[in-house]
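Asker: Quick paste of what Swiss-Prot says about this protein:
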type     : residues  : note
TRANSMEM : 10-30     : transmembrane segment
TRANSMEM : 339-359   : transmembrane segment
TRANSMEM : 370-390   : transmembrane segment
TRANSMEM : 393-413   : transmembrane segment
TRANSMEM : 440-460   : transmembrane segment
TRANSMEM : 472-492   : transmembrane segment
TRANSMEM : 539-559   : transmembrane segment
TRANSMEM : 871-891   : transmembrane segment
TRANSMEM : 893-913   : transmembrane segment
TRANSMEM : 923-943   : transmembrane segment
TRANSMEM : 972-992   : transmembrane segment
TRANSMEM : 1004-1024 : transmembrane segment
Amino acid sequence: MSKFFIDRPIFAWVIALVIMLVGALSILKLPINQYPSIAPPAIAIAVTYPGASAQTVQDTVVQVIEQQLNGIDNLRYVSSESNSDGSMTITATFEQGTNPDTAQVQVQNKLNLATPLLPQEVQQQGIRVTKAVKNFLLVIGLVSEDGSMTKDDLANYIVSNMQDPISRTAGVGDFQVFGAQYAMRIWLDPAKLNKFQLTPVDVKTAVAAQNVQVSSGQLGGLPALPGTQLNATIIGKTRLQTAEQFESILLKVNKDGSQVRLGDVAQVGLGGENYAVSAQFNGKPASGLAVKLATGANALDTAKALRETIKGLEPFFPPGVKAVFPYDTTPVVTESISGVIHTLIEAVVLVFLVMYLFLQNFRATIITTMTVPVVLLGTFGILAAAGFSINTLTMFAMVLAIGLLVDDAIVVVENVERVMSEEGLPPKEATKRSMEQIQGALVGIALVLSAVLLPMAFFGGSTGVIYRQFSITIVSAMGLSVLVALIFTPALCATMLKPLKKGEHHTAKGGFFGWFNRNFDRSVNGYERSVGAILRNKVPFLLAYALIVVGMIWLFARIPTAFLPEEDQGVLFAQVQTPAGSSAERTQVVVDQMREYLLKDEADTVSSVFTVNGFNFAGRGQSSGMAFIMLKPWDERSKENSVFALAQRAQQHFFTFRDAMVFAFAPPAVLELGNATGFDVFLQDRGGVGHEKLMEARNQFLAKAAQSKILSAVRPNGLNDEPQYQLTIDDERASALGVTIADINNTLSIALGASYVNDFIDRGRVKKVYIQGEPSARMSPEDLQKWYVRNGAGEMVPFSSFAKGEWTYGSPKLSRYNGVEAMEILGAPAPGYSTGEAMAEVERIAGELPSGIGFSWTGMSYEEKLSGSQMPALFALSVLFVFLCLAALYESWSIPIAVVLVVPLGIIGALIATSLRGLSNDVYFLVGLLTTIGLAAKNAILIVEFAKELHEQGRSLYDAAIEACRMRLRPIIMTSLAFILGVVPLTIASGAGAGSQHAIGTGVIGGMISATVLAIFWVPLFFVAVSSLFGSKEPEKDVTPENPRYEAGQ
C-alpha cells in the first residue's frame, strides 16, 4: 500500500487534505460541553397541593404515584421530597444510556394510572412531567435598579412575560421561579362573615358561580330557517377582570331586599399567588427564574439561546428594570475548553522541539510535525460520526494522543534516513525499502496500544461515559496515525528528504548538536555497560523488581480514592438555615449579614450575590435561605481567591452567626450529578421504625460525624422538625351540633390555607383566584375561635364548640428514597482526605446506627461507588488484552510476558507522582495509568522485538539484549521525552479545569518517567530471564556482525 502512494504523492496529499477538510467541517458542527452527558437520565414529576402539609402531600400524593412507578424499564432509583408549602417533586433516575424520551413516556403512562387517585385540588393545579437534571444551569434575574418595582412586581413580570418564551427555548428541561405571579386574592374577615351569617364555603361557592365564562352560542346559527338574514355570536357572561368586579359579587339577599356583596366581608385585590419566596440581587429588590437543563441538551447552546431570548425581551422591560445572570455554569465550560486548546498547542510546540533535538534534521522534523494536524483534524471527524462532543475529556485525550501519533511518523522518517545512510539509496527507493521493513511493526504497536484502551469503551454507567470519551478518541487518533504513517508520511519522505551518501548520516556534527550527540553517545556506552552488569547479576535486580511490585501494591492501597477531582467552577453556594419555626423576617436578617460579608469583605473575589429567602437545596420554608455567589473571572483571581479558599474563609465567618447555620460550598465537578461537592447519602427507614426514630438516627449520625476527623461540613439536606399545631375535631360533638365534617374541612382549608377557586383575566393573561382568611385572623391558635360553620338549622357554630388543638412537632420537608422514608445527608472530606475515605467513614458510622436504619448512596457518590468496583476489572482486562495481542504479534506465549512485566515499572511512577502531589486515585488517574501502561509496553516492544530477531539470527540472548538496548535507546528516549513534555502543560495548568488537568497529567508524567528510566534496564533482563525460563535455545556459535543493524527498522 505504501509503495502505491510513494509513486503517487499527490494522491497522498489529496487524502490528507480530505481528512483535514472533513475534520475542520466537523469542528464547526460539533457541540461544545464541559463534559458529555455523564449524569444518568432523570424524569421529574412536580405537583402542588395548596394548603397541605408535608405529611399530607406524602401520604396522599407521593406514595400514590410511587406505587405506580414500579416496573418501568431501566429504573435505577426513585427519590421524592414533600414540602410544607404543598409542593412535591418525584425524581425517577434511570440507567445510563436509557433514552430520556422513552423514559418520559413510560413515566407519563404510569402517572396516568395514578392521576384519578389523587386529590381533586392536585388535579386542578396540574401535574408537570419534565426531563431535567438535578442542578441549575443558570439563573436569570430581574432587578429594579431604581427601586420602583417590588419583588412581587418583578416576579409577576417574569411569570407573565418571560416564563413562556424561556420555557420554549431549546434545551430547557425545567425551571423554578423565585416568586409568583399575581393572583386575585380575597382576604376574608371572619367577624363580618359571622355578622352576615355567611361562611367561607358560601363565599367560595358564590365566586365560583359568578366568575365564569359562558359559551352562549349564536343567533342564526346552522341549521337555520329559510330566509335567515342574520348570523351573530352571542357574548354571554365572561370572567371577571378587576378587583372592583369581584367586590360586586353577590353573596346574599336578605328578606328585606338588602344585599351582601363580597366587598362587604372581604378585602379584594391583586397579590402574589404565594409569598413563600423573595429575592434580592446585591441587596436590591429582585426576582429570578432558575433554569434546569433538559437531559442530553447542550449547555452552551442552551445558555446562548437563553441570552438571545432575554436580549429580545429587554426592549419591553419596565423602566428601571435590568436583566442579570447572577448564577451561570457555562463560563467554566468555555474557559476550560479554551485552556485545554492552549495546552494542546503548547504540547505540539514542545513535541516539535524534542523531535528536532533528536532528529537534527529540519525537513525530517517538519515531516513528522505535518502529521499532527492531519490526525487531530481527522479525529474530530470520527468524533462527529460517533456522536461525541468537543469537551474536556476528548481534548485531554487529544493532548495524550500527540505523543503517540508523532511516534509512528518518527519511526518512518528515522528508518528511511537509516536506509539511505546504510545503503546509499535515493529518498524514493529508500522509502520503499524502509516501508517494506516496518509496515507490520507499525500496525502491531497500534494494536497493542489499542488493546490497552479499548476495554474502557465497554464499561457502563457514568464512569463508562468518561472512559469511552478517552478510549474512542485516543484509539481513533492512533488508527489515523498508522494510516497517515502508511500513506502520507512515506510520500513526504520520498519527496522532501534530501539524499544522503552512504554513511553520511553518522558523520559527526558540530555546534550544539555535536555536543549533544557526543554526550548522548557517552551515555549510551555507560548504559550498555550497566545493562551488561544487570544481565550478569540477575538475582539482585529481580528481587528489586519484586520490591517495586510490593511498593506498587502498598501505594495503591495508600492513595485515597475519589470519583473526579474538584474544580473551581467560578460559582459558590451558601445555604442558610435558621432555627425551626423562624419567621421569614428573622431569616432575612441572616441573609443580609451573609450578603454584606461577601460583597464587602470578599470584594476582590466576589462579583455578585443573588439571595433567596424561603428556599434552599434542603427545602422550602420561612427558615430557609440561599445565596448564589458569582466569582470574578479566573484571570482576575489568585490561588488565594479560588472558590475553595473563599468557601473556607466564608465558612469560618459564618460559624460566628449565632442565630443560624450557614454553609458555604462549591458545586461538584460534574454539575449534572448534584449541587455540592463531597458525598451524598440517604439514611432509610427500612425497618418501618417511624419518623421519630429516623430523626433520632439522623441526629446520632450527625453527632458521630461531627467527632470524626475525616469528615467536615456534614449537614442534613432537609429541615428540622418544627412546631406544628395539631387540630382535633370532635366528630360526635360536631354531629350533635348539626355541623357536617365536610363543611368543617372546607372552612379550614379556605380560611387558614389558600383555596384555589378558578381563574380570571388580568391584562390578557389567565391568572388564578384564591380565597383565604386575612392575616389577623390566622396568626395564633386563638384565632380559630373567630371562625364559624353554619349548621343544618342555619345557626353559626364557632370552631371552639367542636375543635381543640395542641402543639406538637413535625417536619416541614419529608423525603423518600426507593419507596421508603429517608433523610438525605451531605458532607465533604476534611482537608487532606479524599471522598473515598469520607465515604468509608460514612459507612462505618451508618453501620453503628440502630437496627431498621439503612443507607443508600445517591448522585455522585453512587457513581463513585460504581466506578471503584469497576477499576480492578478494567485494569485486568487491559493487561489481558495486551498480553493476547502480543502473543498474536510474536506467535509466542512466552515473549509477551517480558513485555507485560514492564507494567508495574510505569505504575509505580504514576503512584509516586500522584501521592507526592496529594492527588487521588480517581477516574482521570486511571485513564492516565492505562495510557502509561500502553506506552511502557510500546517501549518494551521496541527492545524485545529487536532482541528476538537478533537472537533468531544467531546472537546469544545476552548479546541480543544488549545490542537491542543500544540500538533502540535513542528512539525510546526521543518518543518518551516528546510524550512527557507534551503532557507537561497539563500538570502546570491553572484556572478553569485545572483540577482535571493536574489529575491526568501528574500520573502520566510520573508513570512515563519511571517506565522509561526503569524499563530500559529491566526489559532486557525480562527478555533474557523469560527466554531462558521457557527454554530458548542458544546458538551453537555466536555471530557478532561488525556493525549490527536492526533491519526491521524497529
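Using the three backbone atoms N, Cα and C, a Cβ is placed for every residue, glycine included.
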Asker: Six or more residues out from either end of the transmembrane segment (339-359), which same-chain residues have a Cβ under 8 Å from its Cβ atoms?
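Answerer: Cβ under 8 Å, 6 or more out: 365, 368-369, 372, 376, 392, 395-396, 398-399, 402-403, 406, 410, 413-414, 516, 970, 973-974, 977-979, 981-986, 989, 991-994, 997.
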Asker: If we skip the immediate neighbours and take only residues 6+ beyond the ends of the transmembrane segment (871-891), which ones have a Cβ under 8 Å from one of its Cβ atoms?
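Answerer: For the transmembrane segment (871-891), the list is 444, 447-448, 451-456, 459, 467, 897, 899-900, 903, 926, 929-930, 933-934, 937, 941, 945, 948.
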Asker: Can at least 3 Cβ pairs under 8 A be found between the transmembrane segment (370-390) and the transmembrane segment (972-992), with each pair 6 or more apart in sequence?
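Answerer: They do not touch: fewer than three Cβ pairs between the two stretches lie under 8 Å.
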Asker: Go through the chain and flag residues at least 6 beyond the ends of the transmembrane segment (893-913) whose CB is under 8 A from any CB in it; none is fine as an answer.
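Answerer: Hits for the transmembrane segment (893-913): 545, 548-549, 551-552, 555-556, 559, 879, 882-883, 886-887, 925, 928-929, 932-933, 935-937, 939-941, 944, 948, 1002-1011, 1014-1015, 1018-1019, 1022-1023, 1025-1027, 1029-1030, 1032.
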Asker: Contact between the transmembrane segment (10-30) and the transmembrane segment (972-992) is defined here as three or more C-beta pairs under 8 Å separated by at least 6 residues; is that satisfied?
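Answerer: Judged by the Cβ rule, the two regions do not touch, with the required three close pairs absent.
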Asker: The transmembrane segment (472-492) vs the transmembrane segment (539-559): three or more C-beta pairs under 8 Å (separation of 6 or more)?
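Answerer: By the criterion, they do not touch.
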Asker: State the non-local partners of the transmembrane segment (440-460) in its own chain: residues 6+ outside its ends, Cβ under 8 Å from one of its Cβ atoms.
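Answerer: For the transmembrane segment (440-460), the nonlocal Cβ contacts are 95-97, 404, 408, 411-412, 467-468, 470-472, 474-475, 478-479, 481-482, 485-486, 870, 874, 877-878, 881-882, 884-886, 889, 927, 930-931, 933-935, 937-938, 941, 945, 1048-1050.
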Asker: Is the transmembrane segment (393-413) packed against any residues at least 6 beyond its ends, judged by a Cβ distance under 8 Å, and which are they?
Answerer: 35-36, 337, 340-341, 343-344, 347-348, 351, 355, 359, 364, 367-369, 371-372, 375-376, 379, 383, 434-435, 438, 441-442, 445-446, 449, 466, 469-470, 473-474, 477-478, 480-482, 484-485, 489-490, 493, 497, 924, 927-928, 931, 935, 938, 971, 974-975, 978-980, 982-983, 985-986, 996-997, 1000, 1004, 1049-1050
